[in-house]
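So the structure is just underneath, and the comments pick up after that.
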Amino acid sequence: MRFDVLTLFPEIPEAFFKTSIMAKAVEKGIISCNLVNIRDFAFDKHRSCDDIVYGGGAGMLLLPEPLSLALDSVNASSKRVIYVTPSGKPFNQELAKEFSSEEALVFVCGRYEGIDQRIIDEYVDDEISVGDYVMSSGELAALVIIDAVYRLIDGVISGESLEEESFSGFLLEYPQYTRPRNFKGKEVPEVLLSGHHLNIHKWRLKKRIEKTLKTRPDLIEKARNCGMWTKEAEKILKEFENE
């Protein structure tokens, strides 16, 4: 997969693509990244990319001309273009899976008051929000989405690891433990040391349901509606409800 990131500050995402699992995916050729500095397409000697908002109001807006040229430089018309904005559709694991099936994604990172609506109308396929809060940087929001997407691509992370993570099957992840067995008087649950795979599976499923019920009960209803809720899970849920 190819990621094109259009930004005024390429140094922000640059470090991410050179770090940890992402760096290995790039080295293997599974992922490619192209950081596009919008200022390279500005017209004046100051490389200006923003101006006042028509109709008044605080803040500045990114100019449409440099951004349009930047988008054309990555052949955006033939790719899926994502604009990260607080007013967009909420990002979730389902969208991450959908995006991971694309051959290329283009991210438009806004600053200040955002971007001209005409750019959105002309180029953008998806307006996406990473949460109900406002950030000063579209770059950070774009990296949240990229991180959730690239790890779902074949060859980046093992399938077993992905299957047991939070939101797999709409359940949150179970608690995990490592050495030592006793830490400040707290023991690792005995079942995890037993080597009995079926009992470990049951314990982990129970803990996933317990945590989801406590923290994100809405996900249980989603699992039911999508046909991903098993009889075993329903039995465990009833036990919690009867306690």
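Placed from the backbone N, Cα and C atoms, the Cβ positions cover glycine too.
When Gly110, Gly159 are compared with the S-adenosyl-L-methionine site residues Val130, Gly131, Asp132, Tyr133, Val134, Met135 in Swiss-Prot, the one appearing in that site is Gly110. In the structure shown, the C-beta of Val130 has more C-beta neighbours within 10 angstroms than that of any other entry among the binding-site residues Val130, Val134, Met135. Neighbour density for Tyr133 (S-adenosyl-L-methionine binding site): within 10 A of its CB lie 7 other CB atoms from the protein chains shown.
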